[in-house]
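TrEMBL has this to say about the protein:
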type     : residues : note
ACT_SITE : K202     : active site, proton donor
BINDING  : K102     : NADPH binding site
BINDING  : E187     : L-homoserine binding site
DOMAIN   : 10-126   : domain 'Aspartate/homoserine dehydrogenase NAD-binding'
DOMAIN   : 134-312  : domain 'Homoserine dehydrogenase catalytic'
Amino acid sequence: MEPLKLGLIGLGTVATGVASVLHKNQQTIVRRIRQTPIIERVYVRSLERENPYNLNLTTNIDEIINHSDIDIVIELIGGIEPALSYIKTALTNGKSVITANKELIAKYGTELLALAEENGVFLRFEAAVAGGIPILKSLREGLAANEIDTVMGIINGTTNYILTEMSSKGSDFALCLKEAQAHGYAEADPTFDIEGIDAAHKLTILASTAFGIPLQFDAVYTEGITQISAEDITIARTEGFAIKHLGIAKKSEQGVELRVHPTLVPLTHPFAQVHGVLNGIFIQGNAVGEQFMSGRGAGSEATASAVIADLIEIAHNQTAQYSAPALGFDSHQLMEAPIIQSSQFESRYYINCQCSAKTDLKALSERLAEMASETLRSAFKIKIYDENHSVIILTAKTIEENVEKLMNNAMLNEGVVNTKSIRIEMF
C-alpha cells in the first residue's frame, strides 16, 4: 500500500493516543483509505523524553512543516503561538492539517480555513470539540438536511467533574477543584476551565457549524462555576434539578444567543445523567427533532479517535471531487446573524436570596413575592429554606433584564446579604 506520511507536532497525551490507535487499528484504517498511515516524524522540544512507540523525534520544526515528505501535519501542542505559525506554514506549503486546538480555531479558524482553500488543502478539527463524540461531522453531514435551532452541551469535562463531585459528596467548590487537580482533570491554573473560556471556544465552533454563521468567539457570553455552592446544588435537587455547566447556542428570528453558564436542568433529562468527565450534546433539528450524544470528551485515545477520523476524511478528500466544508458551509455561504445581548436572554431563572440568620424569612418572602409580581409579570414560585437562611424564587420564562432588576431591589431589603441567579432550561 502507498504510504500516507504524517508529521506530528507535539508528543503529549493525545499524540501518544494517535500513535496507539494507528498501531492497534492499522488494518482497519488501511482498508478504509487504501493507504498505510505512517508517523514519519514528531516535533518535540527535547529529545530527552519518553517515546513508547519509538517514533522518529526531531527538535527541528522545519522537518515537518517544510519537508516535502510529509503529507499531513497533525498539530497537538495547543495554545496560539507557535501553533498558529506552524499551521500557516504547513498550509502554505500545501499540507493538509489536523488540529485539536479549539482556542486557535475559535479565534483564527476563518483565516486558516481561507488559507487552506487558497492552497487546495484541508483543515480539520473534529477533536477540538467534545473529544471522541463525532459532533462536528454529525452537524455538517449527518444532520445537513436540517435547520438546526438549538445546540447545547456539557463540553468541558473539568467543570462537569467538579459539579458531579459537589453533588455526590456535598463538598464545596474549592475542595472539589483540588480533587480534580489531584486526578489530573484540572490544570494547575484552571482558569480556562472553571471560568468557562474553554467551553466558549468549543461553543463558537459548534454554533458556526450548526447555524452557518462566522466564528465569533468574542460574542459568547461566558460565566464559570466558581459561584456555585453546595447549597445551590442541594436546593436545586430538592426542586427537581441538577446543575450543569452548559454551552448554549440558540437561533431564532431575533438572532443568535451564544452563552456559557451554569444551568439547572431537570433530573429527568439526559444531561442530568452525564457524570464525571464525560461530555453530552443536545441538538434540535426541524426534521429529526431532538438528538442527544454523550461520551468521553477528552483523554488520550478518545481524542485520538477524532483526530484519526479527520485523517481518514482527508485521505478520502484528496481523491474525491468534493468534500463537505469544515464548518458545513462554504466560506461565502456563512451568514451574519444578529447576536442577542445577555440582558435580552430569555430563560427561566432560579434566584437565591441569601439572608442573615436573624431575618424574618416569611415576611421577606412576602415582600419579594410582591416585587416579583411587579417585575416579572408572569408566573413564579417562591419558597423558604430555613436551614439555608434563603428565599428561593423560581421564575417562568423572562428576560435577564427583569431578573437583574428584581435582584437589585431584593438587595434593598434589610437582612438580604447576597443574591444570585442561575438560568433554567426545561427542554
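Just so you know, glycine gets a Cβ as well, placed from its N, Cα and C.
Where the annotation comes from TrEMBL, it is an automatic prediction and has not been curated.
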Per-residue pLDDT averaged over the domain 'Homoserine dehydrogenase catalytic' (134-312), given as an integer: 97
E187 (L-homoserine binding site), number of other Cβ atoms within 10 Å: 14
Distance, the residue listed as 'NADPH binding site' to the residue listed as 'L-homoserine binding site' (CA atoms, angstrom): 16
Separation of alpha carbons, K102 (NADPH binding site) and the residue listed as 'active site, proton donor' (Å): 6
DSSP residue counts for the domain 'Aspartate/homoserine dehydrogenase NAD-binding' (10-126), split into helix, strand and coil: 52 helix, 20 strand, 45 coil
In the chain carrying K102 (NADPH binding site), residues 6 or more apart in sequence that have Cβ under 8 angstroms from it: F125, A128, V129, D198, H201, K202, I205
K202 (active site, proton donor) - helix vs strand vs coil (DSSP): helix
